[in-house]
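Features reported for this protein in TrEMBL:
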{"type": "DOMAIN", "residues": "A:10-195", "note": "domain 'CheB-type methylesterase'"}
{"type": "ACT_SITE", "residues": "A:Ser22", "note": "active site"}
{"type": "TRANSMEM", "residues": "A:26-48", "note": "transmembrane segment"}
{"type": "ACT_SITE", "residues": "A:His49", "note": "active site"}
{"type": "ACT_SITE", "residues": "A:Asp142", "note": "active site"}
Amino acid sequence: MNEAAASPASVSGVQAIVVGASAGGVEALLSIFAALAPGFSLPIIAVLHLPDERRSQLAEVFDRRLHIPVVEARDKEMIQPGTLYFAGPGYHLSVEHDRSLSLSQEDRVHHSRPAIDFLFESAADAYGPNLLAILLTGANQDGGRGLAQVKQLGGITVVQDPLEARVDVMPKAALALHTPDYILTLSRIGDLLASLESSPC
Amino acid sequence: MDRSTDIELRLLIEAIYLKYSYDFRDYSGASVKRRVAHALRQFDCKTISALQERVLHDPTAFMQLLQFLTIPVSEMFRDPSHFLAIRQEVVPLLKTYPSIKIWIAGCSTGEEVYSMAILLREEGLLERTIIYATDINPNSLEKAKQGIFSLESVRAYTHNYQQAGGTQSFADYYTAAYDYAIFDKTLRENVTFADHSLATDSVFSETQLISCRNVLIYFNKKLQDRAFGLFHESLCHRGFLVLGSKETLDFSAYSKQFEPLVKQERIYRKS
């Protein structure tokens with residue numbers, strides 16, 4: 001799997017980014033998004049597993065800390081460039097073919113709702129080879145199946161280096177299912193995201 | 001899944017519509033796709049085409065598939081603050097009507113119906129209210145009519161009920177038998193359970209309040225607008241529309257025809 005750690009300099013054609021994280025995810029997400037400049041052009045859609053409370057402060061917290069707009073994803077909303085969307089608690093978040101967002105309350109996946117798998121699989125359907133999917137730290141198995149689907153439909157996959165991950169269960173489970181394009185540290189993932197800004201899509 | 005799967009999925013949905021008149025064509029695609037994939041495993045079918053053949057020729061198999069296509073996730077007094085807001089902001093206005101008609105659209109297995117009936121009884125309104133409880137799934141409607149829920153889930157509902165401003169003991173409303181809670185049947189004396197589809201049927205009555213919670217998220221924008229159109233037509237002047245906590249009129253063609261009464265709790269009024 002060493003070849004997976006190659007330099008991500010060649011990444012291009014990305015039209016959307018999906019990110020999944022669980023335990024340890026807040027710090028990891030803040031770290032990879034910190035370098036994004038105002039005017040960053042790509043949409044980012046993220047699932048972070050949360051306690052099942054009705055209202056989440058996640059979007060507000062990130063909006064204060066980042067240079068790009070951050071909102072909680074709303075049902076039937078068209079995906080806007082340069083915006084970071086967070087899945088709210090208690091609902092799965094999907095991407096539709098017309099590149100709008102949708103919510104649903106199907107059963108939990110790996111005890112989680114929202115599930116990273118559902119976001120990744122539906123985004124893979126909508127964006128095909130123009131999707132970049134990133135899976136970070138976490139203590140369960142969610143995300144691996146979705147990541148494999150992204151890869152199968154031609155998208156680019158990144159798994160956080162398990163050696164660096166606060167909790168390595170989720171990255172390791174994903175690596176057991178498929179070989180991602182890149183295994184990277186948070187700081188390199190941040191560099192990769194920042195570098196996408198200038199690439200044509 | 002590859003492109004052929006998407007073709008098969010469209011054909012299955014079309015076949016279901018042509019044969020059984022259940023219209024899932026304008027449901028949100030991502031969720032339908034997952035539910036069909038889930039059904040494939042349960043039916044032990046290799047492809048959606050194989051599943052299509054089965055349901056086309058076997059109505060019993062279709063009824064089984066329908067249970068996968070609809071999502072009976074519900075609870076009583078779900079989002080307690082929503083019911084508290086109905087009690088505090090809507091009930092005083094409902095009390096001004098001599099008789100009240102309420103439509104609970106997409107009532108599933110009845111949790112929303114019993115929640116509303118209990119709230120109305122405590123506010124002294126149940127006797128002069130008719131509730132229409134509709135759904136597309138006959139199995140769900142049958143369960144709703146029975147009003148029997150597991151004791152385990154009722155324990156969670158009890159907590160919701162208290163948070164929602166309940167004035168009695170929740171146990172007053174049901175009889176426990178083994179692992180089940182059988183709800184007081186007088187709660188549904190004025191409830192009419194009926195088969196109705198927001199995708200294909202039309203308005204059947206004038207109403208003062210419509211509750212449609214966690215149904216519209218499964219529709220695409222076009223079908224949502226159809227449903228909002230039905231609600232607009234059914235509601236009396238200044239009637240109330242209440243939605244699920246993540247549902248909104250904001251992206252709808254009807255956003256101007258309703259105004260928020262308690263926006264946070266998704267309580268709207270016909271403009």
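Glycine is treated like the rest: Cβ placed from N, Cα and C.
Remember, TrEMBL labels are computer predictions, not curated facts.
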Point to revise | Inter-residue C-alpha distance, A:Ser22 (active site) and A:His49 (active site) (nearest angstrom) | key: 5
Revision key, fill the gap. Same chain, |i - j| six or more, Cβ under 8 Å of A:Asp142 (active site); the result in sequence order is A:Gly20, A:Ser22, A:His49, A:Val109, A:His110, A:Ser112, A:Ala115, A:Ile116, A:Asp117, A:Met170
Study note, to complete from the structure: So A:Ser22 (active site), by the Cβ count within 10 Å over all chains shown, scores 26
Check your understanding: So how many other Cβ atoms are close to A:His49 (active site), meaning within 10 Å of its Cβ?
Key -> 25
